[in-house]
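To start, the structure itself, in structure tokens.
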Amino acid sequence: MTDKKAGGEKLLYCSFCGKSQHEVRKLIAGPSVFICDECIELCNDIIRDEIAETVDAEGTRTTLPTPQEICEILNQYVIGQTQAKRNLSVAVYNHYKRLRHLSGRKEEVELSKSNILLIGPTGSGKTLLAQTLARLLNVPFVMADATTLTEAGYVGEDVENIIQKLLQKCDYDVDKAQHGIVYIDEIDKISRKSDNPSITRDVSGEGVQQALLKLIEGTVASIPPQGGRKHPNQDFIQIDTTNILFICGGAFDGLEKVIRNRTEKIGIGFGAEIKSREGKNVSESFRQVEPEDLIKFGLIPEFVGRLPVVATLQELDEEALIQILVEPKNALVKQYQKLFSMEGVDLEIRPAALHAVARKAIRRKTGARGLRSILESALLDIMYDLPTLEGVEKVVVDEGTIEEGAQPLLMYAEQPKVSGSN
């Protein structure tokens with residue numbers, strides 16, 4: 001668009017907003033059209049917003065995976081624990097199916113939430129299962145340690161801090177946070193000290209259970225904005241926890257004794273049947289767990305009632321630990337091989353060495369969690385020296401490297417022969 005000035009010079013205008021060339025910083029000419037810098041900036045903003053919306057739409061699952069699909073994906077990352085994975089797959093599927101069913105309608109039958117309790121030894125995969133589920137469903141996920149929680153007003157973390165972390169994880173998007181997953185680890189550590197109500201204050205045991213009750217069941221939590229501290233005359237962010245899935249996990253050391261006391265009746269007298277209490281391992285005992293055992297262990301009845309889905313995980317044997325080392329997508333052996341390949345070196349860990357790593361983890365009673373530290377200590381020296389070693393083509397780790405601390409075998413590239421003058 002153009003006009004003629006008094007001196008005959010043409011005055012140019014933006015074809016979109018109508019501003020003259022003197023009102024804008026830059027006017028760009030096209031075939032019979034002009035566009036100013038302000039309109040270009042506005043177009044960029046519109047396109048950027050549309051791209052972001054498209055990415056969000058593609059990133060969010062439009063179809064909910066079936067329990068079988070959930071279980072198959074869990075199999076790629078977690079070895080063994082078949083029954084626990086089936087329990088989790090069904091519980092998570094039903095939870096998110098319930099949320100889709102609830103959206104925007106009022107139904108005659110109200111579907112209640114089924115939170116989950118994972119019981120299993122250290123290093124059996126409780127945390128990994130919860131993390132993998134959240135990644136699969138593309139929902140916000142946060143972990144909390146129950147041992148750091150105290151009742152409101154005491155030194156320690158308030159239970160509402162868990163929801164604050166979840167809100168921070170999804171950039172203060174309230175709607176996303178209200179459909180997230182919270183994993184509370186070490187839940188067995190907040191059991192009350194005895195199964196009888198105490199007259200003394202137990203701010204990190206029964207007190208925390210009482211504080212968690214409403215949060216897990218569903219309440220509106222008031223969260224200070226941007227992670228600040230609560231103070232009067234402050235606007236709070238309201239988060240409804242009704243649709244947040246809570247998964248609690250713990251090792252529950254000593255629970256097997258409670259279960260055996262209930263299941264194995266020891267008779268007295270000459271005609272009594274004598275049963276050995278050593279026949280069952282911890283995993284077999286956990287499979288028989290009942291709500292009354294958890295109450296006897298130290299969880300209050302109301303808290304047990306809010307965790308209706310109980311999944312037990314088994315102790316990992318030597319073969320399962322070896323599978324964990326080599327099979328999953330993010331297997332430890334694959335990770336170390338990748339690190340060595342960045343130095344241009346192949347890493348071979350022989351089968352005998354894998355068995356030695358698994359046996360060591362079993363002796364330490366650390367389960368899968370201890371595998372990395374064993375491999376790290378065995379490979380530390382060679383990883384320290386490798387960047388300065390020349391000609392190394394392959395590093396071989398055998399049983400002696402794991403059990404006795406021997407140095408790995410180094411294989412060098414064959415040097416090319418240079419013909420010398422006679």
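Heads up, the Cβ atoms here are built off N, Cα and C, so glycines get one too.
Residue density at Cys36 (Zn(2+) binding site): 24 other Cβ atoms are found within 10 A of its Cβ, drawing on all protein chains shown. For the recorded site, Cys36 (Zn(2+) binding site), the DSSP three-state label reads strand. As annotated by Swiss-Prot, Zn(2+) binding site applies to Cys14, Cys17, Cys36, Cys39.
According to Swiss-Prot, the ATP binding site annotation covers Pro121, Thr122, Gly123, Ser124, Gly125, Lys126, Thr127, Leu128, on the basis of sequence analysis. Taken residue by residue with DSSP, Thr122 (ATP binding site) is part of neither helix nor strand, so it is coil. Long-range Cβ proximity for Thr122 (ATP binding site), meaning a same-chain Cβ under 8 A and a gap of 6 or more residues, is found for Ala251, Lys365, Thr366, Gly367, Arg369.
Residues annotated as domain 'ClpX-type ZB' in Swiss-Prot, with sequence analysis given as evidence: 2-55.
In this structure, Cys17 is the one among the binding-site residues Cys14, Cys17, Cys39, Leu128 with the smallest number of other Cβ atoms inside 10 Å of its Cβ.
A 10 Å cutoff on Cβ-Cβ distances gives Thr127 (ATP binding site) a total of 16 other Cβ atoms nearby, all chains included. Nearest in space to Cys17 (Zn(2+) binding site), taking C-alpha to C-alpha distance over the binding-site residues Pro121, Gly123, Ser124, Lys126, Leu128, is Leu128. The Cβ of Lys126 (ATP binding site) lies under 8 Å from the Cβ of Leu118, Gly120, Asp185, Gly249, Gly250, Leu313, each of these being in the same chain and 6 or more residues away along the sequence. Applying an 8 A CB threshold to same-chain residues 6+ apart, the list for Gly125 (ATP binding site) reads Val78, Ile79, Gly80, Gln81, Ala84, Leu313, Leu316, Ala368. Taking Pro121, Ser124, Thr127 as the binding-site residues under consideration, the smallest Cα distance to Cys39 (Zn(2+) binding site) is found for Thr127.
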